[in-house]
Amino acid sequence: MSNRSRSTLLTISFFVLIDWVTKLAVLLYRGNLPNANPILYQYSWGKLFFCICPTFNEGAAFGLFSKYKYFLLLIRIVIILGILAFLFLRKKKTSATTRFSLILLCSGAIGNVGDIFFYNHVIDFISIGYNRWSFPTFNFADIFISLGTLIFVYKLYFPTKQKIK
C-alpha cells in the first residue's frame, strides 16, 4: 500500500472515529432519560443558542425520503464505494484539495451509514439557532459531508491554474 493510500485510509478512519465516538458519548450520556428527546446541554449567547439534544433520523438530510430508507442506504453505499475507488484506484495524481474534499465526503457518508447498520437510524445531536429559528439537528458526519461538498464545489468552479514548465 502506498503512503498516499495509507494516509488516506488513516484520515478517513480518524474522521469516522470522531463521528462515532461523539454519537456514542451522546447516547451513553442520554442513557435511559424519560424524555424522548432530552436536551443534554444548552448554551446561549444573547439570541444565539447551541444545544446537544439527540434525535433520530431515518431519511436523508432534514429527514427527507424517510419512506425510502433502504433505497437511500443502497445509494449511500454506492457513493462510498465510488469515492473509495476514485481515491485508491486512480493512477493519475489528484490535487490535495480535491482529495481532502473526497475524504471528508466519504468519512461523513461512512459515519452515517454505520449508524443505519448499528442503530437503524442516523443519530443527530447538534442544534444551533437564533431567537426562535433553529437549524435542523445534525452531527459530525453531516459537518464532514457539508465541508467536503463546499470544498469540492469551490475547487470545480475555481480551479488552480497549472504552472507551465
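Using the three backbone atoms N, Cα and C, a Cβ is placed for every residue, glycine included.
According to Swiss-Prot, the feature active site maps to Asp124 (among others). In the three-state DSSP assignment, the secondary structure recorded for Asp124 (active site) is strand.
DSSP gives Asp142 (active site) a helix state. Asp142 (active site): 20 other CB atoms within 10 A of its CB, across all protein chains. Marked as active site by Swiss-Prot on the basis of sequence analysis: Asp142 (among others).
Long-range neighbours of the transmembrane segment (9-29) within the same chain, counting only residues 6 or more positions beyond its ends whose Cβ lies under 8 Å from a Cβ of the stretch, are 1, 40, 52, 54, 103-104, 106-108, 110-111, 114-115, 123, 125, 139-141, 144. Per Swiss-Prot, the feature transmembrane segment maps to 9-29 (among others).
Residues 5, 8, 58-60, 99, 102-103, 105-106, 109-110, 112-113, 116 of the same chain sit 6 or more residues outside the transmembrane segment (69-89) yet have a Cβ under 8 Å from a Cβ within it. According to Swiss-Prot, the transmembrane segment annotation covers 69-89 (among others), on the basis of sequence analysis.
The transmembrane segment feature in Swiss-Prot is assigned to 100-120 (among others).
The list of residues near the transmembrane segment (133-153) in space but at least 6 beyond its ends in sequence, with Cβ under 8 angstroms from a Cβ of it, reads 15, 18-19, 22-23, 49, 53, 55, 57, 61-63, 97-98, 100-112, 115, 122-127. Residues or ranges marked as transmembrane segment in Swiss-Prot: 133-153 (among others).
The Cβ of Asp124 (active site) lies under 8 Å from the Cβ of Pro54, Thr55, Phe56, Asn57, Pro136, Thr137, Phe138, Asn139, Asp142, each on the same chain and at least six residues away in sequence.
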